[in-house]
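Peer 1: So that we are looking at the same thing, I have put the structure below in structure tokens.
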Amino acid sequence: MTLFYALIAIGSLALIFGLILGFAAIRFRVEGNPIVEQIDTILPQTQCGQCGYPGCRPYAEAIANGDEINKCPPGGESTMKKLAGLMGVDEKPLAGGEQAEPIKTVAYIREDECIGCTKCIQACPVDAILGATRQMHTVLIDECTGCDLCVEPCPVDCIDMLPVAETKQNWKWQLDAIPVTQID
Amino acid sequence: MDKLLEQIKKGTVWAFPGGIHPPQQKSLSNSASITRLPLPDKLIVALKQHIGANGKLLVEKGQYVLKGQPLTEPAANWSVPVHAPSSGVVTDIAPMPSAHPSALPELSVIIEPDGKDEWVALNKNKNPAELSHDELINIIHQAGISGMGGAGFPTYVKADTKQPIEFLIVNAVECEPYITADDVLMREHAKEVIQGIEIMQQLLNPTLCIVGIEDNKPEAIAAMKQAAEHNSKIIIQTVPTIYPSGGEKQLIKLLTNREVPSIGIPADIGILVHNTGTLFAVQQAVYEGKPLIERIVTVTGNTIHKPGNVWALLGTEIKHLLDCQGFSPVPQQSVVMGGPMMGFTLPTVRIGIVKTTNCILAPDHKELAEPGPEKACIRCSACADACPASLLPQQLQWFAKSKEYDKLQEHNLFDCIECGACAYVCPSEIPLVQYYRIAKVEIKEQQADKIKADRAKERFDARKERLEREQEERQNRHKRKPAAKSADEKQKVAEALARVKNKSDNGDEKSAVAAAIARAKAKKQQGEELEPDNSEVAKERALRKEQARKYKEQKSQTDESAETAPVDDKKSAVAAAIARAKAKKAAQALDNAEQATNEEPQSAAPVDDKKAAVAAAIARAKAKKAAKALEEAEQTVSEAPQSDTPADDKKAAVAAAIARAKAKKAAKALEEAEQTVSEAPQTDAPVDDKKAAVAAAIARAKAKKAAKALEEAEQATSEEPQSDTPVDDKKAAVAAAIARAKAKKAAKALEDTEQTQPQELQVDSAAPKSAESNTDDSSVLINADKPKSADDKKKAAVAAAIARAKAKKLQKEGNNQS
């Protein structure tokens with residue numbers, strides 16, 4: 001009889017928990033793969049395609065499916081490290097042998113050379129180039145991600161990638177600078 | 001609350017954690033009275049001397065400006081104007097090295113004073129108590145006053161605080177060594193400072209105003225106490241000398257025992273702190289109408305002959321200050337802006353002083369030794385003991401070195417006031433503050449990057465969405481055109497498509513099965529005569545075999561095309577047989593009925609031979625039609641390459657070539673067939689039915705091939721408008737599915753025995769649009785044979801059966817392809 005009660009007790013408990021779990025599985029169902037979102041927030045969102053995928057999100061999905069984490073040159077080593085931490089894999093040098101700290105650049109159109117072909121406008125993944133057919137184009141520097149994608153299509157090579165100007169806001173102390181000794 | 005007030009009034013002062021006691025060195029500069037510098041040769045007025053945005057430039061190069069004339073006007077939030085410090089000509093407006101450790105260029109107005117020092121018209125107020133709140137705020141704003149203690153926060157913003165202020169604290173502590181600017185200001189201008197406090201009291205209406213002064217400035221304390229005697233709401237509080245008691249948060253803790261929350265401002269706890277210098281500037285602006293164009297600067301250090309405090313016009317080059325006070329530089333002389341603790345070494349002395357410059361320190365090597373090389377942290381925790389913000393400097397140092405920015409934020413790096421107490425006590429001479437400063441910039445940069453990345457993502461997504469929408473719109477434009485045609489035309493197209501597919505049949509067993517089904521249906525069509533007619537079937541079979549053989553022979557003789565011909569032999573034979581069978585049965589059915597078309601009276605003849613002949617004729621007619629269609633298709637195809645994308649060119653060209661070849665073949669075969677069969681219906685003589693059968697078979701085969709070619713051509717052409725859907729397999733599969741559906745429906749319709757045509761039409765019109773939208777040409781070419789075929793029930797039945805078989809085969813092909 002005791003055995004019977006035990007079975008009933010365990011069985012009913014199992015049933016209750018099963019129902020709770022089943023309910024939770026439906027009620028709190030996670031849409032999509034949350035890891036992709038997390039990876040996507042780590043990626044620099046330059047949408048440059050240097051990883052071989054058409055944008056940051058496709059690469060995030062690829063990483064979630066087991067692709068290498070070191071294919072993002074604009075993110076540099078810090079992004080790779082964050083990805084390694086998130087995915088629980090070993091850190092590795094950047095695939096293209098790029099420098100650890102990429103120099104941030106923005107596109108600059110030499111406006112007197114621009115012929116107004118709109119090719120760069122079509123290439124820009126974030127719509128950061130302004131212009132119209134046979135009108136001069138210009139780059140919205142605040143929106144430019146420095147992805148390089150506009151440089152190649154330009155038929156007159158009037159787009160330069162310039163390093164982001166140093167301001168007081170982003171200036172950093174140089175602690176490892178060798179002290180200058182003036183000899184006179 | 002009352003207890004706190006009582007305590008404060010009693011003179012109680014609390015303590016903040018940590019703090020250090022560096023050598024004061026104030027006696028160097030606090031003995032002399034404030035002197036006024038001779039006018040410099042040029043004034044470099046930076047447009048941005050505070051926290052916030054630049055003002056809008058009002059002057060231009062070459063313009064003559066008067067002393068106190070605004071050079072900029074406030075534009076965006078938190079922007080305060082700058083004024084001409086002296087009368088003269090604007091010689092240039094250009095980026096000049098700024099008062100910052102980096103000396104990064106900042107847009108500046110360069111004025112060459114004319115020596116007249118002529119003021120603009122000043123708007124003096126004898127009695128500011130009459131002024132409204134907004135008027136006062138406006139005066140303070142337009143006078144360009146920003147915090148003069150160090151951070152340079154716009155004073156008008158602080159003075160216009162909406163939160164209720166309980167305590168107004170005046171920071172006259174001046175805890176940093178060497179600096180005595182506030183000390184001498186209070187000694188000489190205590191009355192004005194108190195007037196400034198009273199203006200602030202008028203604006204903020206605090207319960208109490210506490211002036212905190214370190215106990216190393218007894219003269220200043222005495223002067224202030226005397227000046228504030230008349231106002232019971234102002235308390236002069238003496239605080240012990242300890243660095244950094246002049247820090248805003250530390251002073252609040254000292255004077256009120258309250259702590260500012262970690263990421264908060266003093267206004268959150270009902271406290272506002274103003275610097276003495278700022279209040280003096282407010283007094284000058286309100287009473288005298290003078291904008292902020294000069295300030296007291298302590299020029300001190302062992303290399304200065306006459307250390308002391310000077311009234312310096314904003315924009316005066318530091319070199320001028322040093323020269324006027326007598327400067328004998330030592331080798332590798334460093335000049336520090338600010339005090340020795342929080343100041344920074346200037347890269348050049350050709351920098352104009354700004355609103356926050358309170359001290360220029362030119363020390364020799366003994367008094368401010370260059371820090372030695374950084375040694376390893378020994379975890380002595382002296383820094384933690386000294387930290388006035390109760391942080392863990394050594395932990396922060398480790399995290400800063402390993403760039404663990406999340407950890408840094410967890411350890412409240414942003415509560416660090418960069419006072420330098422930790423670095424001062426560090427036995428390993430680690431430049432701790434520099435590490436924190438770098439880390440702070442990095443974190444801020446990362447946050448900015450994050451915001452930028454989010455925006456980039458947003459823009460990228462928006463762009464993607466837009467492109468998709470545009471593409472969809474383009475596709476819809478293509479779709480809308482054929483859809484706009486009349487329903488009648490649509491039907492024609494659908495029918496034509498079904499027929500074309502039927503004709504291009506080449507699946508052996510399937511067509512056999514289809515034939516059987518068709519036969520069964522045809523029998524049903526005969527009405528009541530349901531008795532089995534096996535003899536007929538047997539005859540048919542024999543005929544079929546024979547036809548096949550004959551066809552093969554002929555094929556080998558002609559051997560025109562190696563690619564498609566052999567496949568078609570059997571099928572075409574079967575099809576021909578079916579056609580004939582249908583013809584027979586239709587004829588029988590039509591016997592019962594009376595209505596007949598052009599062909600029917602002929603086929604009504606009782607003899608099988610005749611029927612065969614009729615079938616042959618029909619086949620011939622079909623072949624002709626096919627040939628005609630082929631010509632049209634050829635035209636279409638030959639046009640296609642011109643407009644096509646390069647990828648489609650080849651396909652279309654090949655298709656065209658095949659089509660042409662087949663058309664030729666068909667035409668040839670047709671001629672033969674015609675020659676053979678033409679007499680049969682006309683003469684009504686018993687023509688050799690074998691011959692007729694053969695001819696029919698050939699005609700059918702040709703027709704089929706033509707149809708097939710046509711379909712290929714059609715596919716090729718239909719690809720050009722739909723160039724967005726790249727895979728043919730899919731299309732084939734879809735077409736197969738559609739055809740199958742049609743065939744099924746047609747078969748069903750046939751089972752209902754009699755009326756085929758209306759239902760077929762119905763079926764066709766119900767067919768998906770994608771099938772209809774193939775090409776305009778196909779619809780045209782089908783117009784010709786539509787009316788006839790619509791009348792022809794038996795034909796329809798055959799078509800249905802074959803279509804089904806065809807559909808199956810197509811799908812099979814599709815599967816193989818995919």
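Cβ coordinates come from backbone N, Cα and C, glycine included.
Annotations for this protein, taken from TrEMBL, read as follows:
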type	residues	note
BINDING	A:Cys48, A:Cys51, A:Cys56, A:Cys72	[4Fe-4S] cluster 1 binding site
BINDING	A:Cys114, A:Cys117, A:Cys120, A:Cys154	[4Fe-4S] cluster 2 binding site
BINDING	A:Cys124, A:Cys144, A:Cys147, A:Cys150	[4Fe-4S] cluster 3 binding site
DOMAIN	A:31-89	domain '4Fe-4S'
DOMAIN	A:105-134	domain '4Fe-4S ferredoxin-type'
DOMAIN	A:135-164	domain '4Fe-4S ferredoxin-type'
REGION	A:1-25	region 'Hydrophobic'
TRANSMEM	A:6-26	transmembrane segment
Peer 1: Please list, in sequence order, the residues in the chain of A:Cys56 ([4Fe-4S] cluster 1 binding site) that are at least six apart in sequence and whose C-beta is under 8 Å away from its C-beta.
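Peer 2: Sequence-distant Cβ neighbours: A:Asp40, A:Leu43, A:Pro44, A:Gln45, A:Thr46, A:Gln47.
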Peer 1: Name the binding-site residues, out of A:Cys117, A:Cys120, A:Cys144, A:Cys147, that lie close to chain B, meaning a Cβ-Cβ distance under 8 Å, keeping sequence order and answering 'none' if none do.
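Peer 2: Cβ contacts with B: none found.
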Peer 1: Taking 8 Å from the centroid of the Cβ atoms of A:Cys48, A:Cys51, A:Cys56, A:Cys72 as the cut-off, which other residues in that chain fall inside it around the [4Fe-4S] cluster 1 site?
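Peer 2: Going along the sequence, the neighbours appear as A:Leu43, A:Pro44, A:Thr46, A:Gln47, A:Gly49, A:Gln50, A:Tyr53, A:Gly55, A:Tyr59, A:Lys71, A:Pro73, A:Pro74, A:Gly75.
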Peer 1: Let me know how many other Cβ atoms fall within 10 Å of the Cβ of A:Cys124 ([4Fe-4S] cluster 3 binding site).
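Peer 2: So the Cβ neighbour count for A:Cys124 ([4Fe-4S] cluster 3 binding site) comes to 26.
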Peer 1: In the structure shown, which of the binding-site residues A:Cys48, A:Cys150 has the fewest Cβ neighbours within 10 Å?
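Peer 2: Fewest other Cβ atoms within 10 Å, among the binding-site residues A:Cys48, A:Cys150, is found for A:Cys48.
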Peer 1: So which other residues, same chain and not among A:Cys124, A:Cys144, A:Cys147, A:Cys150, have a Cβ within 8 Å of the centroid of the Cβ atoms at the [4Fe-4S] cluster 3 site?
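Peer 2: Not counting the recorded site residues, we get A:Ala107, A:Cys120, A:Ala123, A:Pro125, A:Val126, A:Ala128, A:Ile129, A:Val139, A:Thr145, A:Gly146, A:Asp148, A:Leu149.
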Peer 1: Would you mind sorting out which of A:Cys48, A:Cys51, A:Cys114, A:Cys154 (the binding-site residues) have a C-alpha within 10 A of the one on A:Cys147 ([4Fe-4S] cluster 3 binding site)?
Peer 2: A:Cys48
Peer 1: Which ones in the same chain are close to A:Cys117 ([4Fe-4S] cluster 2 binding site), with CB under 8 Å and 6+ residues apart in sequence?
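Peer 2: Once residues fewer than 6 apart are set aside, A:Cys117 ([4Fe-4S] cluster 2 binding site) is near A:Thr133, A:Cys154, A:Pro155, A:Val156.
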Peer 1: What counts of helix, strand and coil residues does DSSP assign across the domain '4Fe-4S ferredoxin-type' (A:105-134)?
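Peer 2: DSSP classes over the domain '4Fe-4S ferredoxin-type' (A:105-134) add up to 5 helix, 7 strand, 18 coil.
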Peer 1: When you put A:Cys150 ([4Fe-4S] cluster 3 binding site) at the centre and draw a 10 Å sphere around its Cα, which of the binding-site residues A:Cys51, A:Cys72, A:Cys114 have their Cα inside it?
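Peer 2: Close binding-site residues: none.
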Peer 1: Using the alpha carbons only, what distance in Å do you get between A:Cys114 ([4Fe-4S] cluster 2 binding site) and A:Cys124 ([4Fe-4S] cluster 3 binding site) once rounded?
Peer 2: 16
